[in-house]
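Taking it in order: structure first as structure tokens, then the write-up.
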Amino acid sequence: MQIFVKTLTGKTITLEVEPSDTIENVKAKIQDKEGIPPDQQRLIFAGKQLEDGRTLSDYNIQKESTLHLVLRLRGGMQIFVKTLTGKTITLEVEPSDTIENVKAKIQDKEGIPPDQQRLIFAGKQLEDGRTLSDYNIQKESTLHLVLRLRGGMQIFVKTLTGKTITLEVEPSDTIENVKAKIQDKEGIPPDQQRLIFAGKQLEDGRTLSDYNIQKESTLHLVLRLRGGMQIFVKTLTGKTITLEVEPSDTIENVKAKIQDKEGIPPDQQRLIFAGKQLEDGRTLSDYNIQKESTLHLVLRLRGGMQIFVKTLTGKTITLEVEPSDTIENVKAKIQDKEGIPPDQQRLIFAGKQLEDGRTLSDYNIQKESTLHLVLRLRGGMQIFVKTLTGKTITLEVEPSDTIENVKAKIQDKEGIPPDQQRLIFAGKQLEDGRTLSDYNIQKESTLHLVLRLRGGMQIFVKTLTGKTITLEVEPSDTIENVKAKIQDKEGIPPDQQRLIFAGKQLEDGRTLSDYNIQKESTLHLVLRLRGGMQIFVKTLTGKTITLEVEPSDTIENVKAKIQDKEGIPPDQQRLIFAGKQLEDGRTLSDYNIQKESTLHLVLRLRGGMQIFVKTLTGKTITLEVEPSDTIENVKAKIQDKEGIPPDQQRLIFAGKQLEDGRTLSDYNIQKESTLHLVLRLRGGV
């Protein structure tokens, strides 16, 4: 195909190229035509400097595209790089060098990998693809080198519309940097962004670590409406104060403005709008407070009130408090009276556990209200609840919590009424009145949440003879229950029944709703053949294991038998037959595995690893892989996720195209490495 190269003088050169030509090849063609040495050429396309080792198709350069040629200045210049230890490094550079090039030079001198380097000039973090001249970095300028804490971290930014944005950041990033990243993702100018964390508005010049923002923290993004507005604040004496505000101001900001005008400390102010007490961390727009709205200001009484605290032993304690006291303050008063450390206290009011940072008035606790005090078994713990959609919820619980309490916490988080929740642990449905410790549920255990569909339903079971049986069931029935119903109707013992739905063999401990079996679904009943057959499993050490199996056994069943014999957990086993990796849900007969066949057992390196695949559109795909996966396997996983046939995929790592038959470990591709995916153009262009 033909492409054009435009020089700074305005001259246009025409070149004959192919999509597979490297940038290096193109520079050689320019040298042939114009006599300019490749090392003095910089080629730019779509605003990006092109790298020698990449191809035209990598950059999606098509026929009749125009590249721009910039000449490198001869001679270059010196710049200095100062590290946090105070050491200064001198580098030979050119104005046209990219920040990436500069980091490579620092790596040559100091051995610091580029991905751990952050370069700062004039208070700004420098981006890899930009050049020194883009930032007006001149000879003898000094850059500052900050090391990235390994790998950075992810934080979330939640907008008022409920959308959540994920950002890659570092503790040392300033709020200004974070706003710039949000602008890159969402297009919102930084001057219209207000970021809130823990009820505080974040200041541009401070860093995430200044605010103790850690990995997976959630910031709230509020948009500044241009212009602001006036609101009125009416006191109990009848006086009205006028304030200049913005919809994005927090209640805390408003109280500060009232203090400026009237001298009333914020902690003595309670603001009421539409009958509701306003919380410090929320904004005016959260409460739909618009221009010329009127808030009511009530002063907190200094005198306070009495409340009662009832313990599980039946003892009642009387406390002197104020509506503005936090739950933390109340716990401290209980400690003074009873000697119970606050971290062992849980306070309950109106069936809700009270949070330390909230006040009594937040919970509408009034004089002579009674709180209930429950003691924490030291420390509490976290457990996980996995839903059928695959979502995992984290709960703070204690061994003494009842299943009922746990369902209430799930309702708080997810809005699912307790009477629609069924919790399963170790294959057992959990009963409301029992505690977590009754079921030996320990920290970081995972419960499974199944939703009860209201009422029962009919399903059909079809036998191999063609007979159809009708059963009355509920979505919450286990497969074991269903087999018992079949035994009642047909006299077939459960251990001779195999039930199949949507091509999958159903497991006894799972429920119909686990498999999305709905009313009038049809299951297939297959009788287990008595007798079975033997197969062999060969390990990488050369050891051969003999197993008694049936053609109808699933690969999952086979892995369980291997675990029984050899102690290898199923999630570390990969079984290979006829060169194919076998999938858990399929049966031996699906793969035509017959008596005395030999399977090969490969151990997964514990847990596998994640890698990233970046496309030319900038999209990043995350894959679960193992070092022993071949490039062919990886392409198949990409096809599963993205629908791109393997024969149209080219994978690049460290500038090298990866070959199908080699493994990830052959190329030293480790966890969280990034591969680049280039699509093969069919034919020429």
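Cβ coordinates come from backbone N, Cα and C, glycine included.
Quick look at what Swiss-Prot annotates:
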CROSSLNK  LYS6  ubiquitin cross-link
CROSSLNK  LYS11  ubiquitin cross-link
CROSSLNK  LYS27  ubiquitin cross-link
CROSSLNK  LYS29  ubiquitin cross-link
CROSSLNK  LYS33  ubiquitin cross-link
CROSSLNK  LYS48  ubiquitin cross-link
CROSSLNK  LYS63  ubiquitin cross-link
DOMAIN    77-152  domain 'Ubiquitin-like 2'
DOMAIN    457-532  domain 'Ubiquitin-like 7'
DOMAIN    609-684  domain 'Ubiquitin-like 9'
For a quick check of understanding: among the recorded sites LYS6, LYS29, which residue's Cβ has the most other Cβ atoms within 10 Å?
LYS29
State the Cα to Cα distance, in Å, between LYS6 (ubiquitin cross-link) and LYS27 (ubiquitin cross-link), rounded to an integer.
13
What's the CA-CA gap between LYS63 (ubiquitin cross-link) and LYS11 (ubiquitin cross-link) in angstrom, rounded?
19
Neighbour count first, Cβ atoms within 10 Å, every protein chain included; then name which of LYS27, LYS63 tops the list of recorded sites.
LYS27
Given the recorded sites LYS27, LYS29, LYS33, find the one whose Cα is closest in space to the Cα of LYS11 (ubiquitin cross-link).
LYS33
Measure the Cβ-based neighbour count of LYS48 (ubiquitin cross-link), defined as the other Cβ atoms within 10 Å of its Cβ.
11
Out of the recorded sites LYS27, LYS29, LYS33, give me the one sitting nearest to LYS48 (ubiquitin cross-link) by CA distance.
LYS27
How many Å lie between the Cα of LYS27 (ubiquitin cross-link) and the Cα of LYS33 (ubiquitin cross-link)?
10
Helix, strand, coil residue numbers for the domain 'Ubiquitin-like 7' (457-532) per DSSP?
18 helix, 28 strand, 30 coil
Can you name the residues of this chain that are 6 or more positions from LYS33 (ubiquitin cross-link) yet have a C-beta less than 8 Å from its C-beta?
ILE13, LEU15
Across all the protein chains here, work out how many other Cβ atoms are within 10 Å of the Cβ of LYS11 (ubiquitin cross-link).
10
Using DSSP, what is the helix/strand/coil residue split across the domain 'Ubiquitin-like 9' (609-684)?
18 helix, 28 strand, 30 coil
Based on DSSP, name the secondary structure state of LYS48 (ubiquitin cross-link): helix, strand or coil.
strand
Count up the helix, strand and coil residues in the domain 'Ubiquitin-like 2' (77-152) according to DSSP, in that order.
18 helix, 28 strand, 30 coil
